[in-house]
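Remarks on the structure that follows.
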């Protein structure tokens, strides 16, 4: 170890000692970057750890990740009592799992301290107890829709072109599921538990993807009361339109259009989210946009589901029907060039698996330029990577 490294270690130890004086506890919010005390502690571990120790730690952590997901699916974490302990035999009987298999799985998580083993019994740590509750319901879909396929990425790239998926129907996800040629939503529609997990995850990261508070939708209001003001392309069950109409009552429901697949629109009708007057229009966003001269075409959580080629294709379906003052509003994470957040980093790897992509400002500029659009403004939510790219027709 060099003198510079030793000096840095000593400086970090001093910083951590100072931070400990004001440390009030860790953050309990999911998918947020750690507080300075934790970040500095992790930096210290990285600095003092040898490459061999790093590799060993990584192997154990990878195995622990798979084991924790398995214990959740076997209902093991949910069966360990919240207080006290349970024997291996009782745990095996309660979960209908072979005792020797359980013993081997639990050996991994007792080694890491995730589960506590004392006097022949197994009990929760404060961390595993959280996984037995709501946290487990957030961890599971991240594993199922991200890690599960990503562990096969080296194999996938060895038999495919070494590039991003050009088409979401031929992605790491569809390949891993053995269903290439099908859309992601088609595959997931046969897996209700995993679909429910995705919805649960989406709801719990909503604070990182706010609907309003950073873009002035009132400027879209048109003097022409017959002109469509807000077309929500791939808008799901209507949450976005509902939130915008509540925050900007000067926009009339009759001037809003919700576009999506037929089954999604049927859900929008049954939930009762949308105020009367909003138009519902069945539409495949990779085909020609049916609403002409709208003031704004809005895409939230759509662009990141698509690779560059498919996003350009989508945008090119909108450009021919835009008016001179029409806008395209893309609501997504806009990644920082350096030091992206935990949330966007994880999200990008999940999107990589399904043929989508989180993008930097430059990535967006390139895609928009190819589609015949230019950026007019970038509107970030305060303190977040999330924001709206406001684009208009490019001038020749």
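Cβ atoms are placed via backbone N, Cα and C, with glycine included.
Here Swiss-Prot flags 234, 235, 260, 284, 285, 300 as S-adenosyl-L-methionine binding site.
Recorded features from Swiss-Prot, shown on the structure.
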| residue | record | CB count, 10 Å |
| --- | --- | --- |
| 234 | S-adenosyl-L-methionine binding site | 21 |
| 235 | S-adenosyl-L-methionine binding site | 30 |
| 260 | S-adenosyl-L-methionine binding site | 24 |
| 284 | S-adenosyl-L-methionine binding site | 12 |
| 285 | S-adenosyl-L-methionine binding site | 21 |
| 300 | S-adenosyl-L-methionine binding site | 20 |
DSSP-derived structure type at residue 260 (S-adenosyl-L-methionine binding site), helix or strand or else coil: strand
DSSP state at residue 234 (S-adenosyl-L-methionine binding site), helix/strand/coil: coil
